[in-house]
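Among the features that Swiss-Prot reports, GTP binding site is placed at 19-26, 83-87, 138-141. Sequence annotations record features per position, and here Swiss-Prot assigns Mg(2+) binding site to 26 based on sequence analysis. Residues annotated as domain 'tr-type G' in Swiss-Prot: 10-206. Taken from Swiss-Prot, the feature region 'G1' covers 19-26, and the record attributes it to similarity to another entry. Annotated region 'G2' per Swiss-Prot: 62-66, in sequence order, evidence recorded as similarity to another entry. The annotation region 'G3' is assigned in Swiss-Prot to 83-86 on the grounds of similarity to another entry. Annotated region 'G4' per Swiss-Prot: 138-141, in sequence order, evidence recorded as similarity to another entry.
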């Protein structure tokens, strides 16, 4: 069967739902597809709750993690939407998922207000650089008291302001995902209002299309008879089929190959552009030669490194960080783009220890090379838990 060609007529934006478990992230995602399907049936297939809920599964640390990718269109834009799992255990995936967002819909149940995972997701969104947030105050049909709704809204705004989002100015839309899903016209209207807020408050991202191509690899699989496919979100540049690429990072040696095909949502593309989630077919590359954490680049435009200087913020105990200080030769994992690599920390002269809540500079030596450049962001993690966030300030080797 010939693959349908992807029409690139509208601007493309990556968004996702974040928030506490059971506040209605998946229901809202399903409701968005239903309401948009009812408005523009020719543009949007409806994705029922069950279909999103049984998202493709990924295993991490023995926990089964699912992340659903849904696509839909408003009149203005084409969206790729990730429904992030809500569990605190799934934060690893949130880091990979949230890293793919130009903006997020923070779902908060009006019946509960902000909960621990709400805070955690907002903190994480800030760390991984989700630039814009729109709030869906869900289950608003279940709260009759206007004052209570206003109070919850205020709480959410304060939480966002505390994490350096413009809490006073960003849109908070009262919705009922369930009622909209059941076809209630009033609540369907509220959902359209939410999507208008997303259209207007999450700016068209400045794409990095002018820069040389780079895509971090998230997943690798084999397609029988066609070869090895790597998937991920193109970070910058443009790649066309039959162009040469280089695979850099994790391994000692970089590999050169040719990209023989590009696809998105099972449709063939004539190019991969910065900001898009794509699959790249690589010629003559074995599955075992590629792994998550490598990057696909325009040959010669990025180099693997193991030693760097960085400026970091270590989370306080209240933010879910360490309870105790760390010392010279601390060995956590450094999470770059899509993967964790262990590294050894050297503290600056005169610094004996770093307390939770501190800002510091450090020198890090990784046990595996990572394609890096100055200003690249990373998370510092221990056993899957984020304990700090940083940026590369200088590459040593």
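Residue positions begin at 1 at the first shown residue.
Positions of Cβ are set from backbone N, Cα and C atoms, glycine also.
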According to DSSP, residue 22 (GTP binding site) sits in coil
Taking every residue in the region 'G1' (19-26), the average pLDDT works out to 88
The correct DSSP tally for the region 'G4' (138-141) reads 2 helix, 1 strand, 1 coil
